[in-house]
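Here is the structure we will look at, set down as structure tokens.
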Amino acid sequence: MGRRSTSSTKSGKFMNPTDQARKEARKRELKKNKKQRMMVRAAVLKMKDPKQIIRDMEKLDEMEFNPVQQPQLNEKVLKDKRKKLRETFERILRLYEKENPDIYKELRKLEVEYEQKRAQLSQYFDAVKNAQHVEVESIPLPDMPHAPSNILIQDIPLPGAQPPSILKKTSAYGPPTRAVSILPLLGHGVPRLPPGRKPPGPPPGPPPPQVLQMYGRKVGFALDLPPRRRDEDMLYSPELAQRGHDDDMSSTSEDDGYPEDMDQDKHDDSTEDSDTDRSDAESDGDEFGHRDDSERDNTEEKKSGLSVRFADMPGKSRKKKKNMKELTPLQAMMLRMAGQEIPEEGREVEEFSEEEDDDDSEDSEAEKPSQKQHKEDSHADGSSAASSQQQAPPQAVPPSQIQAPPMPGPPPLGPPPAPPLRPPGPPTGLPPGPPPGAPPFLRPPGMPGIRGPLPRLLPPGPPPGRPPGPPPGPPPGLPPGPPPRGPPPRLPPPAPPGIPPPRPGMMRPPLVPPLGPAPPGLFPPAPLPNPGVLSAPPSLIQRPKADDASAATIEKKATATISAKPQITNPKAEVTRFVPTALRVRRENKGATAVPQRRSEEDSAVPVAKAAPRSGPSVPVSVQTKDDVYEAFMKEMEGLL
């Protein structure tokens with residue numbers, strides 16, 4: 001990279017003489033700084049001890065090439081440290097090569113010695129690691145010469161040999177005992193015993209029968225086993241074991257019919273018992289126990305392939321019981337809600353589970369009449385519940401028109417949402433159904449019929465009407481709100497019996513308080529027919545032609561005619577609302593200020609009249625100029641001051 005000229009920029013533009021001088025001065029400064037930096041680096045390198053650097057590198061090598069202990073630092077960290085130390089050592093070598101060659105030669109010797117030590121460490125480490133990986137079995141052994149014949153095998157103690165007895169001494173000169181020799185059966189490499197020596201005896205204890213049989217077949221003579229041994233040996237014979245197993249299988253397959261018949265008899269007995277004892281709850285529990293046992297037996301008979309099924313076995317009772325078992329309390333409750341007839345078995349299941357759930361229910365269920373009457377009651381009750389559910393949906397009837405039946409005890413899930421007051425008039429056409437807040441399948445505990453198990457529901461919220469207890473205030477039909485001033489409103493006349501009462505959203509109370517800000521002390525005598533319009537018609541502005549035209553257009557365009565002028569009942573309060581707070585002055589002389597206040601009130605009502613067309617229909621209003629507004633303001637000030 002060549003040097004750039006100081007008279008031009010990087011792109012070749014001619015530079016200002018001032019910039020040229022600044023650039024040259026900066027170049028000189030950088031050159032001087034570079035010399036200083038080189039001197040600082042040389043001084044730092046001279047301060048470092050090269051022998052210490054070599055020792056640090058040796059420590060790193062010992063840590064890395066240690067076959068016993070894993071290195072504490074990571075392999076990458078060790079490489080980085082050695083690289084930095086080596087670079088520093090080479091810089092010191094270059095420095096001393098220029099300045100002091102004698103020190104340079106000494107440092108070279110140190111480096112060569114370090115490299116030799118490092119190579120030795122690495123070689124030892126590799127040898128140990130390779131020895132750890134090599135398997136011992138793969139190492140070839142040298143060929144061993146044959147054992148000399150003068151070595152006696154008897155002198156070598158065998159692990160299973162019995163030591164010679166101390167008590168009984170056998171004479172070498174006595175008659176030799178005959179022994180069955182089994183030496184030819186052994187390997188050929190074993191040297192023979194010298195004459196006159198006995199081979200070591202067998203291990204203590206009788207030999208196992210398998211060994212005796214094997215050697216009896218090989219040598220050629222039969223061995224007579226004791227009867228106990230022969231019986232034990234039969235256990236090891238595969239043919240006999242197979243034959244015995246077949247006999248056992250045939251006997252078990254013949255005997256399998258007996259438990260099956262017993263189970264069938266027990267199954268039929270349980271069927272008859274359950275048919276006769278249906279009205280008793282305890283017999284229900286026993287019946288379920290029998291049924292579970294019979295179901296378990298049936299599944300075991302299906303699984304085992306050894307059972308024999310005959311053609312004359314009755315199979316319908318099992319199917320019937322299975323169908324009876326499958327009717328759960330939930331299905332029975334849904335059948336009852338739909339108004340259908342519940343099978344006897346399912347209903348008793350439901351009653352049994354419910355008797356366990358309801359601890360504080362009445363004892364009327366214990367004294368049950370005959371089965372037929374109970375069935376008719378439950379059927380009629382289910383149909384009445386379904387009809388009341390169809391006739392009285394909770395949303396279609398306001399709570400003020402429907403009265404819940406009187407509750408003799410605490411209801412299942414909370415207080416009954418029944419307003420205490422009933423509006424006067426003829427009774428409505430709807431029968432009193434369940435309360436609007438409760439789900440349709442919940443009945444008060446006083447009503448007859450089968451109670452289903454209580455579902456896990458959230459407790460209902462507050463009742464739709466007023467809280468119980470008639471506080472002084474509006475009757476239950478009105479929505480809660482600020483108490484209306486004036487005469488108390490009358491209830492709407494109740495609907496004739498044939499027509500359902502209107503929804504709560506459609507009923508409007510006859511007298512609603514006005515929405516606008518009322519004067520502090522009084523109530524306006526007539527309510528506004530359109531509370532959305534907040535001002536009077538623009539006929540307040542004293543311009544006769546424009547006022548007549550605008551009033552005519554109002555009557556043509558708007559559906560509701562605005563005919564009331566602002567009735568100022570408290571002029572002082574109304575005027576001071578439009579005045580800045582700093583100018584609110586109260587005078588004792590009311591007679592002198594009454595007329596200007598009335599006039600200023602009429603002027604101050606103009607901004608409200610201008611704001612009116614935004615909320616209501618579009619009304620053409622004559623625009624006031626700044627002079628008119630200023631003149632009205634000055635008149636207002638004159639009236640106040």
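Note that Cβ sites are derived from N, Cα and C of the backbone, with glycine treated the same way.
Looking at 137-141, 217-221, 572-576, 627-631, the range annotated in Swiss-Prot as region 'Interaction with PP1' turns out to be 217-221. Within the listed segments 121-125, 181-185, 306-310, 581-585, Swiss-Prot records region 'Interaction with PP1' for the stretch 306-310.
Per Swiss-Prot, the phosphoserine annotation among the candidates Ser253, Ser304, Ser353 falls on Ser353. Across the region 'Disordered' (1-37), DSSP helix (H, G, I), strand (E, B) and coil residues number 21 helix, 2 strand, 14 coil.
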